[in-house]
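Annotation source TrEMBL lists active site, proton acceptor at D274. Summarising the annotation, TrEMBL assigns ATP binding site to G154, R217, G218, G243, D244, G245, T246. The feature Mg(2+) binding site is assigned by TrEMBL to D244. What TrEMBL lists as substrate binding site is T272, I273, D274, M317, G318, R319, E373, Y430, M431, I432, R433. Look at TrEMBL and you will find 147-454 tagged as domain 'Phosphofructokinase'. The site 'Important for substrate specificity' annotation in TrEMBL covers G245.
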Amino acid sequence: MEASISLIGSTTKPNLSSLISPSSSIVLHPRLPLPALRLKKVSVFPRISHRNRLIRAQCSDGLRPEEDDGFVLEDVPHLTTFLPDLPSYPNPLKESQAYAIVKRTFVSSEDVVAQNIVVQKGSKRGVHFRRAGPRERVYFRSDGVKACIVTCGGLCPGINTVIREIVCGLNNMYGVSNILGIQGGYKGFYSKNTMTLTPKVVNDIHKRGGTFLQTSRGGHDTAKIVDNIQDRGINQVVYIIGGDGTQKGAEKIYQEVERRGLQVAVSGIPKTIDNDIAVIDKSFGFDTAVEEAQRAINAAHVEVESVENGVGIVKLMGRYSGFIAMIATLANRDVDCCLIPESPFYLEGNGGLFEFVEQRLKENSHMVIVIAEGAGQDYVAQSMRASETKDASGNRLLLDVGLWLTQQIKDHFTNVRKMTINMKYIDPTYMIRAIPSNASDNVYCTLLAQSAVHGAMAGYSGFTVGPVNSRHAYIPISRVTEVTNTVKLTDRMWARLLASTNQPSFLTGEGALQNVIDMETQDKIDNMKISSI
């Protein structure tokens, strides 16, 4: 039998034990004679960074033509890629009492997680990621590790839990005691702000909101950061907790570390309260945000129910993605209309928001609108003739769509419809960001932190962690930053919301239908790219 392996976007020799043949009974093994293998380079798949290792497995024998089952492994970098002589050591978890009763302590190099689990007969196997978890061999001696943790960007419930569990995981599972906290975000690397972290120091920080290490936006200077990493003797960095911009910075740090040939593992932990990180099932803090949003929605409902023609508007987080607004609306059932960035809306005319508000007021004498902060920004900017400005992270500064919509509804019904109307506006944004994570997010943050620790100790670098179809995996950092995760208007979840609120879809407005068609077209193009690998 002859096996063929295709590497996409890599010139390094693959880890053969991770490649699974089309036949479930055949596994490509490290001891397979090299003459039986032929390697070939193929063109780089344009959607994937050249630093990712995309591996496609094929197998053929003399009885049938070569058949490609479409198995693709989007691998993460390993320190041995550029440090081939790096020694490995037995994992200390072998001696751990906690893991003594575990049936399978270590994750096999052949364990992968499928990105798509809903398939049809004859479908390609598609994209897979390495399963997260402890490996049998590690590439750092516990007494030689000097790690650091940094938090960047906006606040989010659960940051302190992640910090705590990284520290406790390194110390309790691997015996690492030299851990630094970089204060004040990326700029803390070169402004000398650090603190020593121990399990005792971080013992109860998960009960607090915010970040124990403080944070900031911007301040990323790759050369200065890596210089500081070298000066401090840090060799297992950099557990970097942050959103899209922060993870892009982590990718640059990894690239510079590789260029300099440093034994430094770089691990990213995705943080975004908006749940707009691609690939992973959800981001930490999201469940807490949805739960806390219920209090604001309930308060708005009580207010408008107690007056005549009461209209309550609740503005929730969601710069580019409306997941919090959508899920909070579905969970509450008292919301009459949900407006998100992905779904254009219009105010006047047949099927417009004004018409729907008037209809609900006639039916119930009150209504509640939930709106994501990024919804209708072009509409607001045009109305207010505002110019676009950005924050230190490069994000567009949003106009207050909640206040704008409150005034628009009030003016329309007071001046045009000549109706008495009572407007109530609630913006709980900073209250939600600042609270500690709930029980569900605490467990999730623990799994993220421990997965990151296992990956770094195993020598992986330039990766981020997260659940893919409920299984934690190691994902190339560039993979989670290439696109923004958004609500798909053509998916069933948005249809469930429309069925729950009975609000108009606003698809009769100018450009709205084309917007949905463009989204569907892009989805088809993405699927074609995946199937063509």
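Each residue, glycine too, has its Cβ placed from N, Cα and C.
The C-beta environment of R433 (substrate binding site), restricted to residues of the same chain at least 6 apart in sequence and closer than 8 Å, consists of G154, L155, C156, P157, G209, I273, A289, M317. Across the residues annotated as binding substrate (T272, I273, D274, M317, G318, R319, E373, Y430, M431, I432, R433), the two Cα atoms farthest apart lie 17 Å from each other. Farthest C-alpha pair in the ATP-binding residues G154, R217, G218, G243, D244, G245, T246: 12 Å apart. Each of the binding-site residues G218, G243, G245, G318 was ranked by the number of other C-beta atoms within 10 Å, and first place falls to G318.
Of the listed binding-site residues, namely G154, T272, the sparsest CB environment within 10 A is found at G154. Among the binding-site residues T272, G318, E373, the ones whose Cα sits within 10 Å of the Cα of D244 (ATP binding site) are T272, in sequence order. With respect to their backbone Cα atoms, D274 (active site, proton acceptor) and G318 (substrate binding site) stand 5 Å from each other. Taking only the Cα positions, the spacing between G245 (ATP binding site) and G318 (substrate binding site) is 16 angstrom.
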